[in-house]
Structure formats: C-alpha cells, structure tokens
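Annotated features in TrEMBL:
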{"type": "TRANSMEM", "residues": "27-45", "note": "transmembrane segment"}
{"type": "DOMAIN", "residues": "31-312", "note": "domain 'ABC transmembrane type-1'"}
{"type": "TRANSMEM", "residues": "65-86", "note": "transmembrane segment"}
{"type": "TRANSMEM", "residues": "147-165", "note": "transmembrane segment"}
{"type": "TRANSMEM", "residues": "171-191", "note": "transmembrane segment"}
{"type": "TRANSMEM", "residues": "265-292", "note": "transmembrane segment"}
{"type": "DOMAIN", "residues": "347-572", "note": "domain 'ABC transporter'"}
Amino acid sequence: MIALREDRRLPLQALAWAWPMVRERGGAVGGIVALSFLASAAALLPPYLTQRLVDDGIVGGRGDVVLQLCGAFLVLLVAGVVVEAVSRLAYLKLSAHVLFGLREQVYRHLQTLAPTYYARTRGGEILSRLDGDVAEVQRFAIDAPMGLLNAVFSLVVALVLMLSLSPLLTALVFALVPLHVAALLLSRPWLERSTHAVRQQSAAMSSFFVESLRAMKFIQATNAAPRQEAGLRAHHGDYFAALRRSQLASLGAGGVQRILSGLGVLLVFAVGGSMAAAGELSVGVVVAFIAYTTRAAGPLQTAAGVFMGWQRAKVSLERIREIAAERPTVTSPAHPLALAQPVRGGIRLDAVTFGYGDAVVLDGASLDIVAGAKFALVGASGVGKSTLIDLLQRHYDPAAGRILLDGLRLDLLELAELRRQVVVVDQDPVLMPGSVRDNLRFVAPDADDVALLRALSLAGLANFAHAGGLDKPVGASASALSRGERLRIALARAILQDPAVLILDETTSGLDLPVAQAIVAAVDRVFAGRTRIVITHNLASVGDVDRVVELRDGGLLVQSPVRAVAPLLRVV
Ligand SMILES: Nc1ncnc2c1ncn2[C@@H]1O[C@H](COP(=O)(O)OP(=O)(O)OP(=O)(O)O)[C@@H](O)[C@H]1O
C-alpha cells in the first residue's frame, strides 16, 4: 500500500508521504538546516565587509583595517567550502534514504497487483513512474521545505541589514515582491501542462525501449529494424518538442523573475546613485546595498524555483497516485485458516463464475479433484484453461462460487501458504538472470547444493547435475538454454518447492513427443501420489491420467479415461 493520503492538498501530500522517512533521519535534517543557515549567514557578510573596506579602510586610509578584512575574507572562503562539502554529503544521504523509501513503497504495491494490471499497462509507463516521478516527488519533498526555510532566513537577515543601511531603498526594492508573486501565479497552468507532456513522452520512450528490446529477435527476423529506428526518431521528435515547451515555460517564468530582480537593482542604482551624488548617502552604503539587493534576489528566486518544483511534483504525484489507486484483486486474510498437515491436495470447484470485465470465462463450473489424482484439462484455445489455473493459485477470486483446497476456501488461507502448495509450471517458464543455482534458490533460498543437484537430477537434467552445472549462467533472458532445459529447470524448482498440487500448463506443448513424454515421466515419478493437473492439447503426450476434464462454454465436463463423457458435479 502506498501511504498517499487522499484528503490533503497536493503539495502537502508530497510532504506527508515523505515525512516518515524524513523523520527517521531527523538528526541529519537538523544538521543540514543548521549548516545551510550558517552558509547563508556567511554569504551575507562580504557586502558588509566590503562596505567597511571602502568606507573605513580605503576612504579612511586605514591599512590595518584593510589587512584585517582580507584575513576575514580568507576565513570565510575556506569555511564556506568546508560547510558546503559537509552539507552536500549529508543531503545526498538524506535524499537517497527518502527516494529509496518512496520507491520501495511503490514497488511493494506493484508486487500486489493482478496480472490484468500488467496485461493492460505498458512496462515503460510503470518504469518511468518508479524512476522519474518518484524522484521528482522526493526532490520536492526535501528541497522545498529546506529551500524555503533557507530563503526566509536569508531574506529576513538581508532585510534587517538593508533596513539598517537605508529604509527608503529597502521599501523600493520590496515594493516589487507582489509583482514576483503575480507573475508566478500566471505562469502556473503553462508550467503544469508542459511538465505533464514531458513525463508522458518520457514514459512512451521507456515503453518503446522495454518492448523493442524484449522483441529484438522478432524485429530482426521480420526485417523491421529500419521501421523501429524511424519509430525511435519519432519518439525523439515528440520528446524534444515537449522538452522545448517545458524549457520555454521554465525560462519564461524564471526570466520574468530575473527581470523583476534586475529592476530592483536598477532602482537602487538610480535612486541610491542620485542620493550618493547629492551627498545624502555614503558610496560604501550604496555599494553594500546593491550587493544585498542582488543577494535578496537569491531567496526570491529560490521561492520561485520551489513553486516551479511544486508544479512538477504535482504532475508526478498524480501519476504515482494512479498506481496507488490500483487495488490488489486478492489479499491475504488477516486471520488465515491453517491447512491440516500434511496437505493432501484435494481440490473442489463449486459453481465457480469468473470473467474479465463483461466477458464471461467460467460460468458456474464445478469439479472435484480427489487428492493425489492426475487430471488432464483439455479445451479449445481461449476457452479459459489458464484462467482456471490463475484462480487455483489465487491471482483472482471467483465472482461467484467457491474453490476449496482440502476443504478450506482458498481466500481464507494465507496467500503465501496457498502458493507454496499449488505450483504451476507453464510452457514458457520465467528464468531470472543469473546461474542455474540462482534460479533454483529463487524458490528455495535455504536449499543446499546437494538438494539442488538432486532436484536437477530428478528433473532429468543429468548433464547439469554436477557441481559445475549449478554455476552455468542462464543468460539475461534465459536464451542460453534450450526450451527443454528451461522446462526441466522449472520442474527442478517445482521439486524443491515440494507442493501438494502441481499444475503443468501446456508445459510440453511443441516439444518432440519423446522429450515431452520423458518430462511427463519425470513428473509422474517424482510427484506420484500428489495431485497433478495437466493442461494439454495433446492427450498422447501426458501419459496415464485418472480423469480427462474438458472446459467448454464456461463449464467443466468430466470424461473417464476411456473417453465416456460423464458429468461429475455439474454439466453446463
Ligand atoms: N488479462 C486478461 N484480460 C482480459 N481478457 C483476458 C485476460 N487473460 C485472458 N483473457 C481472455 O480470457 C479468455 C480465456 O483465456 P485463457 O488464457 O484462460 O484461455 P486458454 O484456454 O488457456 O487458451 P490457450 O489454450 O490458447 O492457452 C480468452 O478469451 C482471453 O482472451
């Protein structure tokens, strides 16, 4: 769950979301704020020293004062470098802590979402939110309060110093502040729209890369490389246009702020200069005042920058909120029921109905699978066999009806325990980048090499079942292995998981019959006495079965092994 509150205004939401992580690093925050106050105070000293240098040292003809002031400048310089280095390192640590904390929350939430979410959402869209948008929110959540605090502090100190030098000139300069604010408010919609366009184009480009890299072999085989390059160029064009609009918006808003700050300096030049010429002010005071006016522009521009950062963070927060609004379709119950041990693996479907949107896939389907039986599940392509398996592993819950494992409703069991007991090996098993050992340990982190080698050997991977075989890299997308080898590694994983129910989802389809039969024979040897459900289009490849079940028109028809059609619980 992403801890984003619905009931707060957007900038406060960004701060509230990051707050728990900032609080964990309270000491570092205090240190950074103290150091930045120190640096701001130190930055305000040179104009004062300059004024003394001009009025007391140079005009007053005091060589000792000149020397003292040079020493003070040197100390300020060195201290400034040290303070900046320390505070930047502390800031980096704090930012990383908050950024990683926020991103981990989004990733944790993503791990709870159903396959339907991943089927309809482009990978690059998710990536760009996990990466760019989370970073934008983190930047705002840390930079905005610190920047504003620092700006207010610098502005107050500068104001006090300026007032002590010349109240009239101070009033002139600060009379421009309402104009600064008005200009920012006017630029807001422009900033927001252009930021949104950049985030969208960046997501589209990430999606393009994710999808085309995954399909590279297909692109090469279909001679589509030139078309893909043209596609990339089109993305670049759109991205650049969005970037240019966003830059123009930032430059426009920032430029107006700078012009207004410059006008303040011009006013001091004109009014202060005339007063100095008339002998009403000393030259040193005018020089120092000009320097403070320039410095006061810094905090004002920081405030403007925070405002622009807010516009960007608002867009990003909205995009993250779209992910947060996706609800998991299944959750583990707060008080799960415990399966009786050992788990026997009896499965019962009781009038199960399920569909995707309006498309009904299962319509009151019922079935009893006795613990330890081997069932073959057949049916036309697209009839809903894989969907039924997704329901058994509880990626979704039935819209109506119940599914029971050893007499207990699946939604009352702990989700992790259910998925330990019901394991699926499909026709294109996922292998993670890394070695064979890494892949086996993915499901059994505590298994030692002896157990891994035994599983490989039982799965029929005799050529891998030696110490060196475990180190064999499987390649970033498992392309270093044949399909038969990948299936057997997936089977070895299932052996290590030791489930009560094993499901083979068209695992051997497309393999030569002898290879398919060898894999099924290995399954039957290792999982004899466990519940097995084998989805297939080719009954000849699955060996002996206790029952053949056909999924048709949303219902399940049970056939005896001798092919007589006999309904078990309900025939649709
Ligand atoms: N995530 C999804 N969103 C919407 N519809 C889906 C989704 N997954 C599957 N479907 C649809 O549900 C129906 C059943 O699909 P399913 O994959 O369960 O069929 P299947 O019997 O396993 O097919 P095959 O034998 O071709 O693998 C199909 O019409 C399919 O288009």
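Here the Cβ of each residue, glycine as well, is placed from N, Cα and C on the backbone.
Counting Cβ pairs closer than 8 Å to the transmembrane segment (171-191), the top stretch among 27-45, 65-86, 147-165, 265-292 is 265-292.
It is 147-165 that, among the stretches 65-86, 147-165, 265-292, forms the most Cβ pairs under 8 Å with the transmembrane segment (27-45). Packing against the transmembrane segment (65-86) from elsewhere in the chain are residues 35, 38-39, 42-43, 45-46, 49, 52-53, 56-58: each is 6 or more residues past its ends and has a CB under 8 Å from a CB in it.
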